[in-house]
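Taken from TrEMBL as is:
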type   : residues : note
REGION : 61-82    : region 'Disordered'
REPEAT : 219-253  : repeat 'PPR'
REPEAT : 254-289  : repeat 'PPR'
REPEAT : 325-359  : repeat 'PPR'
REPEAT : 360-394  : repeat 'PPR'
REPEAT : 395-429  : repeat 'PPR'
REPEAT : 430-464  : repeat 'PPR'
REPEAT : 465-499  : repeat 'PPR'
REPEAT : 500-534  : repeat 'PPR'
REPEAT : 535-569  : repeat 'PPR'
REPEAT : 640-674  : repeat 'PPR'
REPEAT : 675-709  : repeat 'PPR'
REPEAT : 710-744  : repeat 'PPR'
Amino acid sequence: MEGGIVPNKPALPHHNLQAKTAVQQSTFLKFKPSAPLPPSPSQSFPIDPLIQHLLEISSDNEQVPSSHRFPSLHVSSSSQNREAHIKKHDEDFFLQFDSREDDNGAEDSQLDFLSGRGKTILNDIIKQPSSTLRAYLDAAKNEILKVDLVSILKGLELTSGWEKALILFEWIASNSNEEKPKLDDHTIEAIVRVLGKESQHSIAAKLFDAIPLEDYSLDVRAYTTILHAYARSGKYEKAILLFDQIKGKGLSPTLVTYNVMLDVYGKMGRSWKRILSLLDEMETKGFEFDEFTCSTVISACGREGLCDEALKFFSKLKSRGYSPGIVTYNSLLHVFGRVGNYTEALNVLREMEENGCSPDSVTYNELVAAYTKAGLYDEGAALIDLMTSRGIMPNTVTYTTVITSYGRGGKENKALELFKQMKKVGCVPNVCTYNAILGMLGKRSRSEEMVEILVQMRSDGCVPNRVTWNTMLGMCGRRGMFKYVNRVFREMKTSGFEPDRDTFHTLITAYGRCGSKVNVSKMYEEMVKAGFSPCVATYNAFLNALARKGDWKAAESVLADMKTKGFRPNETSYSLMLHSYAKGGHREGIEEIEAKVYSRHLFPSWMLLRTLVLVNFKCRRLKGMEKAFAELKRNEYKPDMVIFNSMISIYAKNRLCDQAHDILSEIRESGLQPDLVTYNSLMDMYVRNGECWKAEEILKRLQRTGAKPDLVSFNTVINAFCKQGLMQEALRILREMMEAGIRPCIITFNTFISGYASLGMFTEVNGVISFMVQHDCMPNELTYKTVVDGYCKAKMHEEAIVYLSNVKKADPSFDEHSLQKLVACVRENCQS
């Protein structure tokens, strides 16, 4: 019987379902849910425990005190030579040192260049903890001035690592205004060698920001090391200025110097003409291009999406008799991997093998990147087994690449499974792996698992780096947690991590999402002040902030400025422009980029075609979605669940059931499984078609899969029954919803009010509103408008006016202006 506790599906036609009168229904319909109302869900994200864990891991690594250092310097926290490790190293060395001592002091074949006094001083420095070394140097100044300090620096390089050498150098520099010690060319060359050998590029770059290098005449090798430090630290303008100074001093750059400058131009962007000019200069001076030259130039093309230029340069090399090696081939693979052009990547692999160049782990890593960039996640993961079968062990980069791609594709569980597999086979995760997983979980608000990952990092002895903090900053920005963005940034610097270019990009994006224009501008100014020149990623950070607001006019200005200054927008730039147009409702802009993609003026990458599906969905452009979806498959890219769900949703909204079921079949054929969003869209489709029982069947099917329906799922089915006037069934679903621990929202209540009002059951309407008020869910304008519309539909205009006159008494918080709008609506309806 209809309205029973467990009703059978009725066989009555649709028009008979609404034939029940209000009197008949009111005998058993009362809005009194039997299940207790679940508590309100917490809207806050537990960021505090995450920050605390991150701080604890960072605090495990003692920092070298910087109180007496140059203000611009700070020791890198990512260094492997932590104080604890250094201390043990020093003790071990000292024991060996003692065992070979005679009456004249320490002797070691490695330290024969030191005098006896020099060995004694070196020995004393080694004994000192880094935290008290500066005080020792001040106290023993007179003795220290009697030895060759360059030799002491060299001795520290051989015995105690770079940190103590740096402290000694800073001490020398801070006293260089005195007669002795004198900061000279040889001293600078010594510390350059020490820092370069240990790859302390950030430290070196900051150090030489504080020293006027133009006042010294170093050898070319030292200058090249400093250039490399600037390149690795993102201080490209400084590198270019120093390169000009080198040539101005009459020094002849070596092949390595030129290669470093090619790397500088490649990383700073918009420099293809400069690269070609530098190559011509190298040829004029008789330099033969080596593997590093070729791979650096090709990598520069990859960064700016210059696929044609890369192929042209590669072909020109071969025409001159150059035989590419594994590094060059891998660089070319990287070019195509960045845009997801796996077809060209496979062509490169084929050519490699035909020329007898055996692929290595880097080759396969680039192929994995190409597949995953094209949305072929499982194919990328399958390469892990292929590598193993060919005797090439997958490394951390391989696993991290696939884990990252799974995260981007919304396959977090597969990513976590692969992470477990990685550890099981003995491949040790590094900080990049952990950063990828933290970022992935952060996007999905899986905070408890993020804490577990941080705990694992600590137990594995994996030290958080700047990217870890950047990841946390990005997560706070995505969630609009403005105060936490500031806090994380502050804690990051407290932990010893100075912001790099990516940090500033993350902050620009984060503040943009939080709607803080002032802080966006401030971060850009600070970035430039810190010596980081803008690049494509900088512009993309601005575009990301504007895309969130749909400010497509401002986004167009940014894109135009980008092109004017010589930067070539990449697929991310155009993808963000598309999102700006969609958010701002500017269809002409979408169509303009569409035309460029379909005519191949822009490479139809997986990212761009995927974005076209999504932005057409936002604009409800069915034909545009279908064309982008067809083009995606024509290019042999694999749609992810976001694309599939968007297609099902648009078909559901247009009541195209057959097409929606075709997509459902494609999901299963592609090896994916329908998710919560899929099922919710199917429920919505049946609601739109008036098939409430089919909507409930989808809900039950979802529950049978083991997945948990959400608020949207239950609201959709409740809406289905309310639209058909089956209020008892709607109440049954409401009870199931609350028993599942899901609290009704204002949409739930408004749906019931709409159902009761359409049946003329205003007593029940008042019961719902009373229930809402009792449980701190205040009615909104739509609530009262729904009631008024119900009165008007029943031609009960006087009752509607009386009802509105009592609203203010029952709900003093309701806006007077909105109330008058509703009164005007009733009067207008009465006159029509």
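In case you wondered, yes, glycine gets a Cβ from its N, Cα and C as well.
TrEMBL annotations: computationally assigned, not manually curated.
Cβ atoms under 8 Å from those of the repeat 'PPR' (360-394) belong to residues 326, 329-330, 333-334, 336-342, 345-346, 349, 352, 401-402, 404-406, 408-409, 411, 414, 418, 427, 605-607, 610, 636-640, 671 of the same chain, restricted to positions at least 6 beyond its ends. If one looks beyond the repeat 'PPR' (395-429) by at least 6 residues along the same chain, the residues whose Cβ comes under 8 Å of a Cβ in the stretch are 361-362, 364-365, 368-369, 372-373, 375, 377, 380-381, 383-384, 387, 436-437, 439-441, 443-444, 446, 449, 460, 462, 640-642. Helix, strand and coil counts from DSSP across the repeat 'PPR' (465-499) read 26 helix, 0 strand, 9 coil.
Packing against the repeat 'PPR' (640-674) from elsewhere in the chain are residues 375, 377-378, 409-410, 610, 613-614, 617, 620, 622, 625, 629, 632, 681-682, 684-685, 688-689, 705: each is 6 or more residues past its ends and has a CB under 8 Å from a CB in it. With a cut-off of 8 Å between Cβ atoms, the residues of this chain six or more beyond the repeat 'PPR' (219-253) that come close are 188-189, 192-193, 195-196, 199, 201-202, 204-206, 208-209, 213, 260-261, 263-265, 267-268, 285, 500-501, 531-533. Remark: secondary structure over the repeat 'PPR' (219-253) totals 27 helix, 0 strand, 8 coil, with classes taken from DSSP. Each residue in the repeat 'PPR' (325-359) gets a DSSP state, and the totals come to 27 helix, 0 strand, 8 coil.
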